[in-house]
């Protein structure tokens, strides 16, 4: 009974999130090259994001709301990327030199 | 403990504010005790999850904040009415214009609009409540206590004083050492979480709870505007949340995100602020477009011209709103390429907005127009907003903006878009939907009286500011010398502000007068309306619709009246309702304590309050609440009573 009730998947997911955050932190403490750092950050971020999406945000659930979920993700991606690349555009690439 | 930092010293005005806050609080407590209304207040309002009551509380809070922000505005106009005025000192003036901006945008315009959405959205889509009634209460109380936290800053510790945009480095600990900007980061954070939850709640409500038959393209225009607004809220507010958190870290914990050294970047604050801030402008303006669309259709006795183009123009505006933010800081130092890009995206917004303006005009064309109070505000909106829009395009030209930037021209521009675009809209919506909520109309003669005062005085107040801006008067200057020649136009502007005041006094008097003398509406449809909210009784019963309507056309209620298409076909059955809960209110109170402790770096109470918040949230998620049922007999009896039949 207790075994069925215990949300083992979620606890594991939570622990995995913590481990991934710690792994990302190595960028600060280990003395690696910039490109290695970026690779570490990208990989941990990707795993982290998919962990959140599948485990906690139920993206894999087969329901009639699938369309809304993906539309939502697309919009979030749009806003996120616009913010990041827009900021880079303003402060780095397009900065008045 | 050092009590000195809680005190605000100096002026008779601040002592006056302290005394008036204390007197008002004592008055409310004595009044509630004397009339034995504590239980009523708790049962019927503080613990309610009913979307209509939450909406009414939002609107009441917004009216209160309109008064507070209006007093701020009057003080500013008085201070600048003549050269070398000695009414406010520089510090006090800084605090006043900062809180005026914050309160008017975040604690007046937004809650007023969210209040109207709360009341009307479920009714217009034929639903019995929002998707998550309890979450709705959480939203309201977080907003409310966030607003209260900002309001007490004036008398405890000092208000934020770095402008409503709180640009770094001015807003940093180094240059603003008082707690004012701590209040900024925490009060906005708390109410911002509430707004974010509202966004989630209303998207789900609109997507999932529409009456059978109401396809997306059959939704009333106000629902479309509410949907898009909430989409913008959900995607824009996280940016503010993050930016405010970073600000709080900088100010309270010594991090260096927005500093000028140690790898910090002060301009990043301005950037992040406007990534949120520009969509925010559309959050307050899109619902206004929805309200106007409803009012124009109703009082022209025509269906809305160009429904599909209206929807698409709003979708395009909502997307473009995320692509224009850098136009708020053309002069910050980015190159011509960047400014050119943001110039073009900004001007592009004028296109869908123009489409909407023409659609409204074509709706009016050959309509049978009745000039009621809400319609007057709507008709005044079109030309005034167009002036605001055209000056917006002027400001959008980056090279020209180097002249206008941070002058009174800009101040005039955004008041010309925000007042007709948001304030007129909520006042129009207030008059329009008032009979739905309270069962009687506001007096039209007094309403029109207030309208003319407000519309004319608005132009007298703000048009001179365009000229002052072109003459070179910068915004946020607290005084100027007579030689500048700014005196006469500023005096004229002050005269206008007094007129606006008179207009709002008449508006409030109208509420009092109408409550006493206006006759009750009995059929629930005083304006000969077109959409579903007019198909229920007024005042609306707790369950909204005795029978869930079946929708076949766009103006569902109108076609049901004209073409005799039946809306309500099924029989009355028992209705499932959510139960009230006090937890959202309690959580709001604890959030307030948390915010206050954080502002003053009182760590132990802050930690205790944070633990308290987690405990309340945990108990809420383990609550087993199955709601309750209103029996069919009770529904039938209520319906008869509301229709004026004898039971």
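One is the number of the first residue shown, and numbering goes on along the chain from there.
The backbone N, Cα and C atoms fix where each Cβ goes, glycine too.
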* **Which listed span TrEMBL calls transmembrane segment, if the choices are B:227-249, B:526-548** => B:227-249
* Contacting positions for the transmembrane segment (B:227-249) when only residues 6+ beyond its ends and CB under 8 Å are counted -> 113, 117, 166, 168, 171, 181-182, 184-186, 188-189, 192-193, 195-196, 198-200, 202-203, 206-207, 219, 255, 257-258, 269, 272-273, 275-276, 279-280, 282-283, 286-287, 314-315, 317-318, 321-322, 598
* Quick one: do the transmembrane segment (B:410-430) and the transmembrane segment (B:183-207) have at least 3 Cβ pairs under 8 Å, skipping pairs fewer than 6 apart in sequence? -> no
